[in-house]
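Enquirer: First the structure, which I've put down as structure tokens, then a few questions once you've had a look.
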Amino acid sequence: MDIKDKSLKELEELSSQIRERIIDVVSRKGGHFSSTLGAVELTLGMHYVFDAYSDPFIFDVSHQCYPHKLLTSRWDEFETIRQFGGLSGFTKPKESPADYFVAGHSSTSISLAVGAAKSIKLKKENKVPIVMIGDGSMSAGMVYEALNELGDLKLPVVIILNDNEMSIAKPIGAISKYLSKILAGKYYQSFKSKVDKFIRKNMPEGTTYLAKRFEEAFKLITPGILFEEMGIDYIGPIDGHDLKEVIETLQIAKAMQKPVIVHAHTIKGKGYKIAEGQHEEWHGVGPFNIEDGEFIKKEAPKSATAVFSDALLNLACKYENVVGVTAAMPSGTGINKLMDEFPERFWDVAIAEQHAITSMAAMAKEGFKPFITIYSTFLQRGFDQIIHDVCLMNLPVVFAMDRAGIVGNDGETHQGAFDISFLRFIPNMVLFAPRDNETLEQSLEFAYNLNNPCAIRYPRGAFKKLNFVPTPFVLGKAEILKTGISNKLFIGYGAGVSRAIDTEALHNEDITVVDLRFVKPLDKNLLLELSKKYNDWYIFSDSQKQSGVGSAILEFLNDEKIHNVQLTSFEYNDKFIEHGDTKLVEQSLGLLPEQLVQKIK
């Protein structure tokens, strides 16, 4: 949609139409809501001043990219947002050349812009990268690594700091407080402009040195001093919902031909009163009633997250040395209950996974028992810290990995597929997974008493109810759930246990089912005994096949020179998994029990 010839009035009408479209579709389909409503005028300004098909448009995380999708030939297709086979909820170059880069994890945008700007300079192209980044993403260290180089190179990059004073959760830390202070002094920029005019008008040519020194001294009260001292110009704060001001400011920033931060104040949920000013409830939503804002809730069993949260709270009440941390996901990981109950022992450190892990390593060294509550996909962001600061020291840190396996509508950037693969080869690390609510509760007590670093994984949503009385967790010990007479053996890990049980129920043979429990260390004694009885082994796990559960067992069979076992692993193949309803995604991968039973002859 070309909007460059539209009048201001037409643009304002379009902003209303965009909001209406987002509210209508998201109310029926679900999706990221309040952040994207707050970014409508900023997005229109970007499209008016820049060219989305030429200038690199880079949306950090891209929770706020829905208006951009609607402006780039996806208005009708927007009905399919986050649905299986439909539009992604994030920017995705496969969808449109207007989507410069895949996004989903935070704080990558400015680094991408630096790389794009370097390339533009080398290729002698007339383009300017334009970034939209939220105040929540500004808490991550990668942002300042990028700003550090950008300020040094003086490359032309325009960065819109979309400051709604809310990330997904309540904003945390000194950076957030700094930005809030800037907003509190929002009239600074006009004051500075008046002083600049006074200097130019009243100081003769020979006093430019004095004028320069005055300007340097003036920076001491500049709200953007943090950025200006890094060599990046700062404009703002501006009203991010005033289209005229947004467009004029972006035109100025583009013409400056150097790095510029445009600090825009916006309201999260703008245009839908019920959502305005809400931190978490309206960030990512399911279907809701537009008239009253009531969510259309389906009856659902207690989620694994809720079970974990209650169990960790009980553990914290029992043991005073239990502490915990999350990286900007207190509600998503369930640690919010503990932050309310024990604010001196549980922290949200904002989007700072590396810091979260290393700081908890120090607490473990001091005798505390840290629980790092984190989504599987975000644990990737602290990989070096896991090795260098936790496992090398063999410190008893517990990584509680939520959203392990397929996560549904968030898609390929958020699937919890890789944690087993990248944790399994680290010395000292213990990996285990509960199969249901009862074993999840048990696993936390076990983790507390373990003197090694360990990682527990559990899925998004609820475990399937299983009718097995759990035995106590013992390090490196599996559990036989059912003994059959077939020469086949089903081994499940974590949520994969229920898939093994369901597949066995559909099969015409009486098959033994084992809950592996530990992928590291393996129960080698039991596996050795099982290899004497069963020749065809089938592995069920919600994880990547490469270096996954099947690989661990194959390594064991090879090391023990066991050659009579034929092993088949039902894990994720070597490709990224698309978004959509979990059952539809599993069906596309051939992982439903009714599909698996056809593969087991």
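Every residue gets a Cβ built from N, Cα and C, even glycine.
The thiamine diphosphate binding site annotation in Swiss-Prot covers His63, Gly104, His105, Ser106, Gly136, Ser137, Asn164, Tyr272, Glu353. For Asp135, Asn164, the entry in Swiss-Prot reads Mg(2+) binding site.
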Enquirer: In angstrom units, rounded to an integer, how far apart are the Cα atoms of Asn164 (thiamine diphosphate binding site) and Asp135 (Mg(2+) binding site)?
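Expert: Answer for this pair: 7 Å between alpha carbons.
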Enquirer: In the three-state scheme derived from DSSP, which category covers Glu353 (thiamine diphosphate binding site)?
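Expert: Reduced to three states, the DSSP call for Glu353 (thiamine diphosphate binding site) is helix.
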Enquirer: What whole-number value in Å do you get for the largest C-alpha pair distance within His63, Gly104, His105, Ser106, Gly136, Ser137, Asn164, Tyr272, Glu353, the residues recorded as binding thiamine diphosphate?
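Expert: Across His63, Gly104, His105, Ser106, Gly136, Ser137, Asn164, Tyr272, Glu353, the widest Cα separation comes out at 33 Å.
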Enquirer: I want to check the contact list for His63 (thiamine diphosphate binding site): same chain, sequence separation of six or more, C-beta distance under 8 angstroms. What comes out?
Expert: His32, Ser35, Thr36, Phe90, Gly134, His283, Gly284
Enquirer: Could you check the binding-site residues Asp135, Glu353 and say which one's CB has the most other CB atoms within 10 Å?
Expert: Glu353
Enquirer: Between the Cα atoms of Glu353 (thiamine diphosphate binding site) and Asp135 (Mg(2+) binding site), what distance do you get, rounded to the nearest Å?
Expert: 17
Enquirer: How many whole Å apart are the CA atoms of Asp135 (Mg(2+) binding site) and His105 (thiamine diphosphate binding site)?
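Expert: Roughly 14 Å, rounded to the nearest whole number.
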Enquirer: Select the most exposed residue of His105, Gly136, Asn164, where exposure means the fewest other Cβ atoms within 10 Å, treating these as the binding-site residues.
Expert: His105
